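Colleague: Here you go, one structure.
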Amino acid sequence: MTTSHPNPNSNPDDFDWTAAENDVAGAEVVDLAAARRDRAAPPTPADPEPETDDDTDAESVDDSPPSEAGPVDAAEDIPAEIQIRQRERRPILADWARSWRGFKAAVKHQTKDAGYVLAYHAVRSPKYAAKTAVWAPVGFFRGIGQAVHWATAEEGNWHLRQAAAARGEADTWLKLDARRQRQSVWRWWVIGAALLTLIVGVAVLAYGPTWWRWAALAVVVPFLATRGRPADKPITDRVSEGTRYRKLTAELVRRALTSLQMAAINSAVAKDPKAISFPVDIHRDGPGHIAIVDLPYGVEAAEVVTRRGKLASAMRLPLDQVWPEPAPGHTGRLALWVGYEPASQMKQPPCPLLSDAKIDLFKPFPFATTPRLDEVFAEMMYRNWLFGGQPGSGKTFALRLLLLAASKDPRCEIRGYELKGVGDFAVLEPVMAEYGNGFDDETLARCFAFIEWLYEEARRRSKRIEHYARLGKAPENKVTPELASLKGSGLHALVAWFDELQELMTSKYGKEAGELLEKVIKLGRALGIIILIGTQIPDKDSLPTGITRNVNSRFCLSVADQTANDMILGTSAYKNGYRATVFRPVDEAGWGILRGFGPGATAVRSFYVDTTAAARIVARAVALRTAAGNIPTFPAERDVAPQHHVLDDLARVWPGDEKSAWNDALCGLLAELRPDVYDGWEASQLTAALKSYPAVKVADVGRRVDGKPVTRRGIRHADLLAAIAERDRKRSNG
Ligand SMILES: Nc1ncnc2c1ncn2[C@@H]1O[C@H](COP(=O)(O)OP(=O)(O)OP(=O)(O)O)[C@@H](O)[C@H]1O
């Protein structure tokens, strides 16, 4: 429909009445109520041009703040169950009261605070007593004076009477004074009654038990002292705020965020003070308070996390008391936790590994604590770990902590190299099958040989897994707790660790070692091989990217820059706000960002276990291993895999003086000898297992069965003995 507007400047006589009538005839009759309803409904795609108010145009922007509650769009196409899930319900109990940890922390904090205030005043009590003794009599007489003054009702219309006297209006003055006297009469009655009550009270106290008099004195004297003291001289001293906890309030958070010199925040807040909002009330969380903050549109929580120092400065708190983190929900949501006290002053609970309990590596075990002192659990099975950080960041201690946990699972075999040469891991020697320490060529060569062996071990294990999978014992083609516990399965957890791996990677063995280790990391996860790597320099020469890419658990302690941070935590970690650059080495040793457990990453501090405590844990681990029958741990020689056993086992089960034997007959005999290893083996599997021994040739072996010639695949005894001799020769040559 087009509408023609009358031109205000044209002559009314020129008006085209016919055209106007046609227009009106073509127009709809509008039902006003329906039109209003339609206007209230949101525009739909079929309604491309939403109605606009007269005073809006294409440039108009609605900058009114979004309503505080409820979704802006009631999107009807979102299924109801999702909407219900999205609706956040406030917990019935406050966070701190819902967990025993939170409750304990809150009680502890309040008690500590109350204790502090009490002690503060107790020390000053003689001074308070002296001040009270001076001001109480003053208060007594001042009280009497005030009572008399009130009873005379002088103050009520004093100004009016003065004015009447000044004007010489005696009548008015007399009337006003009569009014004062009337008021004064009942007030004197009140004073009289109060005096009587006082006399009765004193009499009662005089005849009552002594403690009544003390109690009365304890109440009345301080009361009189506070009435008597000058307004600017309180009896008690102010408890200094000093560095005590600064309670997190919305105002404090807003002020801190606007002090970060972030243009996006400041301009948004200037336009709308509610641009920083709090989807959940600030509440207690462990030993501190947490504020979940929705930052202004377009500001990412990660940007705030990088300015942790400025944030702490704006809040006038030490750095390690302020813990901003990206919060789940969207990238603009920040979780700002502020502790009651700096993390460095908070006592970390003792490491749970110090208890006598065994560890089951298939289950999570305590590894660290959050700033809130919550325990953080880590896992080792099906995982590889990378620890990175600058000197003094605490990576050796953190890596050692995992080994201590592994030592308490008697099924676990531990082998590794410390390429720094200081002996931080020597304490673990009693439980390690292999240990090397140093950065000399010999140690590096041994370390490289170990990696080669690991690769072979991975291949051997994959065959074993295949075998057990065929027997239905490895449903997911990976090591299960049952297989790991099965003696002789060769599938127990094998922890292979390397501290300061950059020493090997930058040596002449580096290239090959890197390639092999990458393969082991890829293969070993399902096979029970756990690789733990500690490194100071995480650049691509010191740690091939093939390795970093395939590691699934990362602990990044204090690092100097973004590159190091992202090499350890993965690309974009820094951008996403996971920044271990905020930790100071040495002062904040043990603090780092843990990634690989759940979504995102968290700032944690690994449990601190010094060498003396580590020795205690190792002693316990030795006891557990002795009881389990695997001390001295696992054979120190590396070639302990069943393939080598196959030759020995075949020699053991060889049937009498036979010159040759069928594979299937041998499989049956092997299964009798070691059912856990050979049960279910078929002729072809034995053929495959013997492939790595060229001396043993699998060929057709003829026999007569019931007088008839039968030919099957088999091996010759002489070949077997030759293969064993060759292997032994190789071994003794090293
Ligand atoms: N979780 C922790 N809590 C408190 N202090 C710790 C923690 N971990 C380590 N430390 C302290 O930090 C010091 C350095 O730790 P560590 O030797 O593990 O650092 P590093 O990163 O391996 O350094 P470097 O590369 O120089 O050996 C330790 O001596 C220890 O006192």
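Each residue, glycine too, has its Cβ placed from N, Cα and C.
Automated prediction, rather than curation, is the source of TrEMBL annotations.
Annotated ATP binding site per TrEMBL: Gly389, Gln390, Pro391, Gly392, Ser393, Gly394, Lys395, Thr396, in sequence order. Annotation comment: TrEMBL describes 1-12 as compositional bias 'Polar residues'. Feature annotation from TrEMBL assigns compositional bias 'Acidic residues' to 48-62. If you look up TrEMBL, you'll see 373-566 marked as domain 'FtsK'. The region 'Disordered' annotation in TrEMBL covers 1-79. Residues annotated as transmembrane segment in TrEMBL: 185-205.
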Colleague: Output the one of Gly389, Pro391, Gly392, Gly394 that, of all these binding-site residues, has the highest number of other Cβ atoms within 10 Å of its Cβ.
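Modeller: Buried the deepest by this measure is Gly389.
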Colleague: Long-range same-chain neighbours of Gln390 (ATP binding site), Cβ under 8 Å, sequence gap at least 6?
Modeller: Gln536, Leu557, Ser558, Val559, Ala560, Ala564, Pro585
Colleague: Taking the recorded ATP site as Gly389, Gln390, Pro391, Gly392, Ser393, Gly394, Lys395, Thr396, identify the other residues of that chain whose CB atom sits within 8 Å of the mean position of the site's CB atoms, giving them in sequence order.
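Modeller: Checked against the 8 Å cutoff, the neighbours are Gln536, Leu557, Ser558, Pro585, Ala589.
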Colleague: Would you mind pulling the DSSP three-state label for Lys395 (ATP binding site)?
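Modeller: Going by the DSSP assignment, Lys395 (ATP binding site) falls within a helical segment, counted as helix.
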Colleague: When you measure from the Cβ of Lys395 (ATP binding site), how many other Cβ atoms are you left with inside 10 Å?
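Modeller: Within a 10 Å radius of the Cβ of Lys395 (ATP binding site) lie 29 other Cβ atoms.
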Colleague: In the structure shown, with every protein chain counted, which of the binding-site residues Ser393, Thr396 has the densest set of Cβ atoms within 10 angstroms of its Cβ?
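Modeller: Of Ser393, Thr396, the one with the most crowded Cβ is Ser393.
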